[in-house]
Amino acid sequence: MRNCKMARVASVLGLVMLSVALLILSLISYVSLKKENIFTTPKYASPGAPRMYMFHAGFRSQFALKFLDPSFVPITNSLTQELQEKPSKWKFNRTAFLHQRQEILQHVDVIKNFSLTKNSVRIGQLMHYDYSSHKYVFSISNNFRSLLPDVSPIMNKHYNICAVVGNSGILTGSQCGQEIDKSDFVFRCNFAPTEAFQRDVGRKTNLTTFNPSILEKYYNNLLTIQDRNNFFLSLKKLDGAILWIPAFFFHTSATVTRTLVDFFVEHRGQLKVQLAWPGNIMQHVNRYWKNKHLSPKRLSTGILMYTLASAICEEIHLYGFWPFGFDPNTREDLPYHYYDKKGTKFTTKWQESHQLPAEFQLLYRMHGEGLTKLTLSHCA
């Protein structure tokens, strides 16, 4: 008798725990629908769909699995419809864009701060770092100064339509390559590869950023002849493009920067790449975006490139800006980068420094206002 009672109690407790778990999950989905999200007010085809839609769409994201923050996750039927219609409906608001450009230029002299020049620094001058303690310094050497341009590489440059290409996995299968290559000027981020992905990301590169840490991660700090050859061949493919090297963000880049300087001096005249070495630009850029209620530890490279593009481009189109682990068009899982190996899980390491969902929310709003065209759907 006693065993039967205990079994019944255990059964009841199990049902209670299951009910509580289901209630919590239901509340999560319900609250997410009530909260103002980053897109639009959702519309669903049938009663009861919102809750299940949240589970199937939201929980596909590794971001959601880890943080259970539904405000960033729901991909609704209305957004799917919007993605299909917006490319043809989007209209450039030139007046609003020019106003934004003026606002940016009030905070950032983009042309001047785009790169240090031979005339802007002297040998022995101590440079500080944007994101490191003021005690850390980098001394300008003769070799470093010799690599600086005589004038800003974007002085007196103007382009009609520019593409700023992020590295999000949303570009996988997008077939946006031809559209990107039709742009007058193409910005790329972090030396991202294009050769094996041309159908989706294009091949044209007019500028790519190069965080010094890339040398450690992909080229073994140039420690072997093979490493040096690989790096040389990668640079050769740029063929006249600007290599924008933010050497003064972190003091941890100092040693790698010196390795880079030695390499470029050694191969002087053998590469057509244009070198650009920005100084302490971020204090100015951060000030502008802070006024737009965006103040993470660090802005993403993508939004930094948008800032630079605003000074020389008459219209800016964005590709590969999507910080979530699922495709809004197909509901399929996505890698973090389009060039990640197949099966690579979506990473959330960026969360330590960046506010990518908040950046995306702002860019999406700018898209709606006609300031920039944000491509989230497939191009063909």
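Note: Cβ is positioned from N, Cα and C throughout, glycine not excepted.
Taken from Swiss-Prot, the feature active site, proton donor/acceptor applies to His354, supported by a curator's inference.
The Cβ neighbour count for Thr301 (CMP-N-acetyl-beta-neuraminate binding site), using a 10 Å radius and every protein chain shown, is 22. Taken from Swiss-Prot, the feature CMP-N-acetyl-beta-neuraminate binding site covers Asn167, Asn190, Ser300, Thr301, Gly302, Trp322, Tyr336, His337.
The secondary structure of Cys313 (disulfide bond), as reduced to three states from DSSP, is extended strand. Non-local contacts of Cys313 (disulfide bond) by the CB criterion (under 8 A, 6+ apart in sequence, same chain) comprise His158, Tyr159, Asn160, Ile161, Cys162, Asp184, Phe185. Summarising the annotation, Swiss-Prot assigns disulfide bond to Cys162-Cys313 (among others) and lists experimental evidence as the type of evidence.
The annotation disulfide bond is assigned in Swiss-Prot to Cys176-Cys379 (among others) on the grounds of experimental evidence. Sequence-distant contacts of Cys379 (disulfide bond), defined by Cβ-Cβ distance under 8 angstroms and a gap of at least six in the same chain, are Ser174, Gln175, Cys176, Gln178, Glu179. Following the DSSP three-state reduction, the secondary structure of Cys379 (disulfide bond) is coil.
DSSP assigns Asn93 (N-linked glycosylation site) to coil, not to a helix or a strand. What Swiss-Prot lists as N-linked glycosylation site is Asn93 (among others), and the listing cites experimental evidence.
What Swiss-Prot lists as N-linked glycosylation site is Asn113 (among others), and the listing cites experimental evidence. Within 10 Å of the C-beta atom of Asn113 (N-linked glycosylation site) sit 20 other C-beta atoms, taking all shown protein chains into account.
The N-linked glycosylation site annotation in Swiss-Prot covers Asn160 (among others) and rests on experimental evidence. In the shown protein chains, 10 other C-beta atoms lie within 10 A of the C-beta of Asn160 (N-linked glycosylation site).
Per Swiss-Prot, the feature N-linked glycosylation site maps to Asn206 (among others); the stated evidence is experimental evidence. For Asn206 (N-linked glycosylation site), the same-chain residues lying six or more positions away in sequence with a CB closer than 8 A to its CB are Phe185, Val186, Phe187, Ala241, Ile242.
As annotated by Swiss-Prot, topological domain 'Cytoplasmic' applies to 1-9, with the evidence given as sequence analysis.
Annotation comment: Swiss-Prot describes 34-380 as topological domain 'Lumenal', evidence class sequence analysis.
Annotation comment: Swiss-Prot describes 10-33 as transmembrane segment, evidence class sequence analysis.
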_Under 8 Å by Cβ from Asn167 (CMP-N-acetyl-beta-neuraminate binding site), counting only residues of that chain that are 6 or more apart_ = Cys189, Asn190, Ala192, Gly320, His337, Tyr338, Tyr339
_Reported mean pLDDT - the topological domain 'Cytoplasmic' (1-9)_ = 53
_Length of the line joining the Cα atoms of Tyr336 (CMP-N-acetyl-beta-neuraminate binding site) and Asn113 (N-linked glycosylation site), in Å_ = 30
*asked:* On the three-state reduction of DSSP, what should I expect for Asn160 (N-linked glycosylation site)?
replied: strand
*Just counting, how many other CB atoms are there within 10 A of the CB of Cys176 (disulfide bond)?*
24
*asked:* Whole-number answer please: how many Å between the C-alpha atoms of Gly302 (CMP-N-acetyl-beta-neuraminate binding site) and Asn93 (N-linked glycosylation site)?
replied: 21
*What count of other C-beta atoms do you get within 10 angstroms of the C-beta of Tyr336 (CMP-N-acetyl-beta-neuraminate binding site), across all chains shown?*
20
